[in-house]
Amino acid sequence: MLSIFVTFLGAFLTLIVMRPLANWIGLVDKPNYRKRHQGTIPLIGGASLFVGNLCYYLMEWDQLRLPYLYLFSIFVLLAIGILDDRFDISPFLRAGIQAILAILMIDLGNIYLDHLGQILGPFQLTLGSIGLIITVFATIAIINAFNMIDGIDGLLGGLSCVSFAAIGILMYRDGQMDMAHWSFALIVSILPYLMLNLGIPFGPKYKVFMGDAGSTLIGFTIIWILLLSTQGKGHPMNPVTALWIIAIPLIDMVAIIYRRVRKGKSPFRPDRLHVHHLMVRAGLTSRQAFLLITFVSAVCATIGILGEVYYVNEWAMFVGFFILFFLYVYSITHAWRITRWVRRMKRRAKRLKKA
C-alpha cells in the first residue's frame, strides 16, 4: 500500500511543480483549428506518469521484470515526446526511435511476438522469425493508437485505465501478482492527471494535457505488458484477448488511417475525424462522448476477460473482434447518417420534455 500511495503522491506533486515550469519554457498546448480548448494548457501529464511509475519501480524493484530496459525505454520516449510537444518533431523520426526501442526490447529483453494463439483453428499460429518484424510494427502501431485517441478531455486517461484494469484482473486471476500490482499502480499514476484534465477538484483553471510524451509512454507500457503476458510458456492471457483489451484505440487508429489514405491524404496528417470528434459533431458534449467511449471500451475489455474466464475458443473471439472492427469502420464511413440520426433523436427528446 505504501508504494501505491507514493506512486500517487509522486505523480500529483509532479503536476503541481511542473506547471509553472511548463508555462515558462513554452511546453503548452495552444488552441487551433483542431484544438478547441480555451487558453494555453501545460503538457505535463507524461512527466507526471513517468515520475509516478518511477516511484513504484524504485519501491518494488526486485518484483519487476527488466527494470533497467523498461525505464530506459520510457525515459527516451518521455524525452522525445517532450521535444515533440514543444517543437513538433517529424513523425518519421518519432517512428524510427520507436522502432529502435522495439528492437532493444526484442534483443535485450527477449520480448517479442512468437505466436498468435489459436486464432485460425485448433492449432497454434507460430510466427517464427517474422514475429520479430511484426513486433516492431505492432509496437509502433500501439504507441500511435494511444497517441491518436487523445482528442478530448479524459479519453486517453479513461481508456488507459480500462486497459490496465483488465490486464490487472487477468494477471491477478492467474496469480501473477507482480504484473497485477504494477497494472493497478499504473492506474494510480494516471489518476492525478485524469482528475486535473477533467477539472476535478480544482476546476478548469488547473487543467493539464497528457501530450505526446504521455500517450507514447502509455502505448509502449501497454505493448510491453501485453507481450509479457501473451507470449512464452504458460502465458496468462491469449493473444486475441489483448485485441479486446485495447479494442477502441486500435480500431479507431486503423479506421482513421484507412479513411485518410482512401481520400488521398497522408496517414500522419491530423484531422477531426476520430470517433470522439464525430460524437461531438453529432451533438454530444465532450464529457458525454468521453463517458460513452470509455463505457464501450470497458464492455470490450469485459468481453476479453470473460473469454479467458470461460475458455471461449480463440478463433471465436477473433471472429467477434473482426465483426466489431467492421461495425466500427462502417460507423466511421457513414458518420453523416449516424450524426443526422443522433440529432433527430435529441430533437425528439427535447419535444417530449416540453410536452
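The backbone N, Cα and C atoms fix where each Cβ goes, and this holds for glycine too.
Under the heading transmembrane segment, Swiss-Prot lists 1-21 (among others), citing sequence analysis as support.
Taken from Swiss-Prot, the feature transmembrane segment covers 39-59 (among others), and the record attributes it to sequence analysis. Below 8 angstroms of C-beta separation, residues 2-4, 6-15, 18-19, 22-23, 27-31, 67, 70-71, 74-75, 78, 81-82, 85, 157, 182, 185-186, 188-190, 192-193, 197, 207-218, 221 of the same chain, each at least six residues beyond the ends of the transmembrane segment (39-59), sit close to that stretch.
What Swiss-Prot lists as transmembrane segment is 63-83 (among others), and the listing cites sequence analysis. Note on the transmembrane segment (63-83): residues 27, 43, 46-47, 50, 53-54, 57, 89, 94, 97-98, 101, 104-105, 108-109, 111, 143, 178, 181-182, 211-217, 220-221, 224, 228 of its chain, located 6 or more positions outside it, place their CB under 8 angstroms from a CB of the stretch.
Long-range contacts of the transmembrane segment (123-143) within the same chain: residues 77, 95, 98-99, 101-103, 105-106, 111-117, 215-216, 219-220, 222-223, 226-227, 246, 249-250, 253, each at least 6 residues beyond the stretch ends and with a Cβ under 8 Å from a Cβ of the stretch. The transmembrane segment annotation in Swiss-Prot covers 123-143 (among others) and is backed by sequence analysis.
For 182-202 (among others), the entry in Swiss-Prot reads transmembrane segment.
Residues or ranges marked as transmembrane segment in Swiss-Prot (evidence: sequence analysis): 208-228 (among others). Packing against the transmembrane segment (208-228) from elsewhere in the chain are residues 15, 19, 27, 29, 41-50, 53, 65, 70, 73-74, 77-78, 80-82, 84-85, 94, 98, 101, 105, 111-113, 135, 138-139, 142-147, 149-150, 156-157, 160, 163-164, 167, 179, 182-183, 186, 190, 193, 196-197, 237, 242, 245-246: each is 6 or more residues past its ends and has a CB under 8 Å from a CB in it.
Summarising the annotation, Swiss-Prot assigns transmembrane segment to 237-257 (among others) and lists sequence analysis as the type of evidence. Long-range neighbours of the transmembrane segment (237-257) within the same chain, counting only residues 6 or more positions beyond its ends whose Cβ lies under 8 Å from a Cβ of the stretch, are 113, 115-119, 141-142, 144-146, 148-149, 159, 162-163, 166-167, 170-171, 174, 222, 226, 229-231, 267, 271, 273-275, 293, 296-297, 300-301, 303-305, 307-308, 314, 317-318, 321, 324-325, 328-329, 332.
What Swiss-Prot records for 315-335 (among others) is transmembrane segment, and it gives sequence analysis as the kind of evidence.
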